[in-house]
Amino acid sequence: MLLNIVLISNLACLAFALPLKEGTRGSRCFLNGELVKTVNTSKVVSECCVKDDISIIKSNAEHYKSGDRLAAVIKYYRLYQVKDWHSCNPIYDDHGSFMILDIDNTGTLIPKMHTCRVECEIALNKDTGEVILNSYRINHYRISGTMHVSGWFKNKIEIPLENTCESIEVTCGLKTLNFHACFHTHKSCTRYFKGSILPELMIESFCTNLELILLVTFILVGSVMMMILTKTYIVYVFIPIFYPFVKLYAYMYNKYFKLCKNCLLAVHPFTNCPSTCICGMIYTTTESLKLHRMCNNCSGYKALPKTRKLCKSKISNIVLCVITSLIFFSFITPISSQCIDIEKLPDEYITCKRELANIKSLTIDDTYSFIYSCTCIIVLILLKKAAKYILYCNCSFCGMVHERRGLKIMDNFTNKCLSCVCAENKGLTIHRASEKCLFKFESSYNRTGLIIFMLLLVPTIVMTQETSINCKNIQSTQLTIEHLSKCMAFYQNKTSSPVVINEIISDASVDEQELIKSLNLNCNVIDRFISESSVIETQVYYEYIKSQLCPLQVHDIFTINSASNIQWKALARSFTLGVCNTNPHKHICRCLESMQMCTSTKTDHAREMSIYYDGHPDRFEHDMKIILNIMRYIVPGLGRVLLDQIKQTKDYQALRHIQGKLSPKSQSNLQLKGFLEFVDFILGANVTIEKTPQTLTTLSLIKGAHRNLDQKDPGPTPILVCKSPQKVVCYSPRGVTHPGDYISCKSKMYKWPSLGVYKHNRDQQQACSSDTHCLEMFEPAERTITTKICKVSDMTYSESPYSTGIPSCNVKRFGSCNVRGHQWQIAECSNGLFYYVSAKAHSKTNDITLYCLSANCLDLRYAFRSSSCSDIVWDTSYRNKLTPKSINHPDIENYIAALQSDIANDLTMHYFKPLKNLPAIIPQYKTMTLNGDKVSNGIRNSYIESHIPAINGLSAGINIAMPNGESLFSIIIYVRRVINKASYRFLYETGPTIGINAKHEEVCTGKCPSPIPHQDGWVTFSKERSSNWGCEEWGCLAINDGCLYGSCQDIIRPEYKIYKKSSIEQKDVEVCITMAHESFCSTVDVLQPLISDRIQLDIQTIQMDSMPNIIAVKNGKVYVGDINDLGSTAKKCGSVQLYSEGIIGSGTPKFDYVCHAFNRKDVILRRCFDNSYQSCLLLEQDNTLTIASTSHMEVHKKVSSVGTINYKIMLGDFDYNAYSTQATVTIDEIRCGGCYGCPEGMACALKLSTNTIGSCSIKSNCDTYIKIIAVDPMQSEYSIKLNCPLATETVSVSVCSASAYTKPSISKNQPKIVLNSLDETSYIEQHDKKCSTWLCRVYKEGISVIFQPLFGNLSFYWRLTIYIIISLIMLILFLYILIPLCKRLKGLLEYNERIYQMENKFK
């Protein structure tokens, strides 16, 4: 035993004597490496081994004793995998192309994106479809979008494009180029065979004829299968296919065929007469066959035996296979192979309540009005019938209508018979009573009834319901919470109508009245003004104004479910009291959570709440802070100031003065009453809290602290530099306005700048406004300062980054700007401040973004305000976004020169301007008649109008004709682009965890601290009883005691950028009109019609899906799905968020540690945040969303159609007499240029001369886009576009009777790829992406059209029920119909096989 103790003591001495050397621990990951940072810390940081895009980083920690605690020296090493990375001159960029881990002064690893600044050239080889990058030094590139590839290169690299259409962003150096390019044909087949042994030429030929190869293969395989089937009886299943054709042949044979003289069968010039008749009978001689035919014994052509023979024939089956394959491929081949701010809660609540009240009142009022109106109408009808019965009667003797007044019955008639109320005596004339007889009564009653009805509808209900401290001059002895609480607005019992501000401040001085009126006080801003005031007397005075100005708003808090209750209730639900965590059944918890048990919140069965608080000041303070935060929204204004004072001084018993005044007024608001009763209960808890003195700022403190200033004259004009500066505090005598700070410059008064006062960076005795450069003005004080009391205060200068000089900084960007007429070279540093720079030199340290602000970092530079800088121009060396250049050539010569240029790799799109707005496909033409005001010699203000679907890339050709049918000219209407776009703002980045930042501490004995200290955004971990024998700190001999605790944060690699929609969607349609002599385009908003002197456009829209609210972007692709908003850390994509302020995340860390005797433990963190990055990998890529190449984040949604465009094109006046349909034309000159069989086509410019106005048709050996042109002596230049699918030596063009030939100028290059803008239609060999087969179209556009109205609106469970019923019906049909039918079919096929064998004598 003694020997063991001696050995242990010796080991302990050796452990203390030998320092920990590098390599003893922490030498994992890699050996050697370059030391990049050393951090001294008392917080132990866990060792790391992580990788970024240029290196691997590891850390080694050496611990030592510092006083009574441990400290550590942490060394960070970097092993560069990209050796000469510094040659690319990197700079920090939020949207950079590669990630480097930065190490801050606490040892925390922070991922930062960077961009190289070496010049890089980006080009596109259109012949091969490759992106070409050139850089004279090492550089980093990234291609993202529909394809993704990235890496480092030097000198030159070629990256082939992979997809048929590419919308990509190429980043290389400081350039970022966005473009959209499409191959002429699909590349999926080529991409599949790429890398095989086949040469590229063979791959291209094979993929070009892929459909033909597949068709031939299918026919061959099908033919082999059919030959095999001929050996079985299954082949007779084709009888229904062959039989109709054989039957038709038999009918034609019997009726129309010419007969042979020898055998009486159909003539057979190349064969001998047969011995078998068409009815199947067999004879030995031709004469017997002829006799059989002559005697009419032949029953005719037998179709069924011939059909069975065809089923067994290999030739007929092969023909059937070919036909079936063609039909089958026409079916399956492609047709042509796309959180609310709590301050705003009351306003939101009031708005919702108002809208709901309007809806309710409208509904109730409409119902009451309807019932009331119906009642009035029914009453009037009943009154009318009663009056008619009382005043008149229908006589049964004579059939006429008599008045009841004076009517007498005598035997079989009355004294008024043969007379009717509608006229005089009828005598013996025939008259029968009808409704017309009472016309006078009806009209009279209708007028009277209408008047009565109007009177009944007049509303007659009129609802009217109107139902000691001097807070204006409070004394200095009353500035305690007890007295000040009596000045709270609700306690002043002002319940009458509001008082105007002029009456409230009538007793103030004129200057004070002007000042108060200038504040524009109202009920919405007065609470904020009270809270921002610095003197309690001013706050009390304005609380009094509030009580008079806003009595309804002040007492709204005591009305249950009012707008004023929303804020404190929301906070009460958000912050859980500590007592509710342990005793959730308590009435106060249920009251705050669900408004239950609010009448008994003080109930404390078994004294559980008392036991929880008594003797536990920490628990009491925790819940009191929550209560104070809630009450700040119950009594805003002065009450909020007093509650903050209570919280600061910890004089919680002073809360009774506020709670006691609120309780009597809250009897009608049960939830508020219950909450206040609980406040009274918790204040009775038996706890001892040490209070601090009151810290209210009062006028008496200001008055007694400084000496008076006699000279208070305001400065005459603004000044830049303040000499002999003094700080002055001025206030009104009664404290109506809060004290203001001023500065005295040579005894002249100026306003204290809101941005602070600084010492001049070249003369410390002078003062500057806002920064140390004296670039901002000191404004003179107001004239009313002479009426205030002013005190000289101690001169204080602002201490901020503007007052601290630095030799270097982490520069974000360089530039220049105008500062008071002088041009300054400036730098914006990572702290967001601007500095003057005299040299832009790198600091040559391991910090790659650290730059000197002067030569060799010798001089200190001070920041200045950005407001002093105007006309800022940032250097072009900073990141520059580029787009492909578009050149519109006005004449054919320049266009042909561009086509024949040898530059094949430039990202430039060349257009012949007159033909730019034509589609790539020749449109279908229709004829439209000219409309307008017809006059004797023509049409005035002529126009055409029609509609066209608003589909991107759709075009229509129109031949315009006169009313007599004669053609005038052709125009092409082209929907050039349909744009559905919205702006998005950046939220955060997310990605996989590549490492963990961690810090931990150990205590030898005792428990873990509560709460565990940690940085913002870090999560904590701990383990009790961590000290044991052989597992303890230096000098710690505890067993089963102590604590190991710490905090951690994930290091993530940013891969997904999360954006949120920040604007409403905008839908625009651009429509182009092209004629042979002119072309123009107009853009119309979906919501706003376009009316101009040339064209009128409006769009009838259809319902479309809206763009997603939150999207994720990775490598230029847009993903949608369940994504967290900023600040939300639910277990889905975006649970760990990297944004400008740091990293957001949550989780329960999983950790372990390795013990060392007499040494600090090695903490091993296996998990920190709950990173649900795998959920991001399950997001759905939305191919309809693309990122536009704009300066801000703009997303475009591909839409097939937005509706229908109604257009009206104004064409001016036409004179019939001056217009000729057969004009005499001479072609003076013609030039053509372009390419064969390409979307750009062949552009031709013609110079024509004519002496009349007329129209001419255009003919050519190529296909023409415009069919008819209008010629005019005043117009000589015309442009047409041709499509030449085959190469021709010459192009011929005929205009009217004139013809001309020209040799076209053909492009030297043979581009396989075409550049165009993001929203324009790309023309390739496949268009329909929604339905790629005819079967799909049958389902989507045929069957679904029938069943969609029936089942489309049913819920999931109803559809499931219908599917089950249909399945049961199908099962019954299968069991009782299909199976017996198949058995019957099998027997029928076997019977035909036996008959066939008998007919051919095989049995």
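A Cβ is built for glycine as well, from the same backbone N, Cα and C atoms used for every other residue.
The signal peptide annotation in Swiss-Prot covers 1-17. Annotation comment: Swiss-Prot describes 18-209, 336-361, 470-1361 as topological domain 'Lumenal'. Taken from Swiss-Prot, the feature N-linked glycosylation site covers Asn40, Asn493, Asn686, Asn1353. Marked as transmembrane segment by Swiss-Prot on the basis of sequence analysis: 210-230, 315-335, 362-382, 449-469, 1362-1382. Look at Swiss-Prot and you will find 231-314, 383-448, 1383-1403 tagged as topological domain 'Cytoplasmic'. Under the heading disulfide bond, Swiss-Prot lists Cys471-Cys487, Cys523-Cys550, Cys580-Cys589, Cys591-Cys598, citing experimental evidence as support.
In this structure the C-alpha atoms belonging to Cys550 (disulfide bond) and Asn686 (N-linked glycosylation site) are separated by 40 Å. Taking the Cα atom of each, Asn686 (N-linked glycosylation site) and Cys487 (disulfide bond) are about 30 angstrom apart. Counted with DSSP, the topological domain 'Cytoplasmic' (231-314) comes out as 44 helix, 4 strand, 36 coil. In this model, the topological domain 'Cytoplasmic' (231-314) carries an average pLDDT of 82. A C-beta separation below 8 Å, combined with a sequence spacing of at least six in one chain, links Asn40 (N-linked glycosylation site) to Ala71, Ala72, Val73, Ile74. Asn40 (N-linked glycosylation site) carries a strand DSSP state (E or B).
Spatially, by CA atoms, the disulfide-bonded residues Cys471, Cys487, Cys523, Cys591, Cys598 include one closest to Cys580 (disulfide bond), and that is Cys591. The two recorded residues Cys598 (disulfide bond) and Cys589 (disulfide bond) have their Cα atoms spaced 9 Å from each other. With respect to their backbone Cα atoms, Cys523 (disulfide bond) and Cys591 (disulfide bond) stand 30 Å from each other.
Ranked by how many other Cβ atoms sit within 10 Å of their Cβ, the disulfide-bonded residues Cys471, Cys487, Cys580 place Cys580 at the bottom. In the three-state DSSP assignment, the secondary structure recorded for Cys550 (disulfide bond) is coil.
Taking the C-alpha positions, the distance from Cys591 (disulfide bond) to Cys487 (disulfide bond) comes to 30 Å. Sequence-distant neighbours of Cys589 (disulfide bond) (same chain, six or more apart, CB under 8 Å from its CB) are Leu577, Val579, Cys580, Asn583, listed in sequence order. The Cβ neighbour count for Cys523 (disulfide bond), using a 10 Å radius and every protein chain shown, is 14.
DSSP assigns Cys589 (disulfide bond) to a helical segment in the three-state reduction.
All chains included, 24 other C-beta atoms sit within 10 angstroms of the C-beta of Cys591 (disulfide bond).
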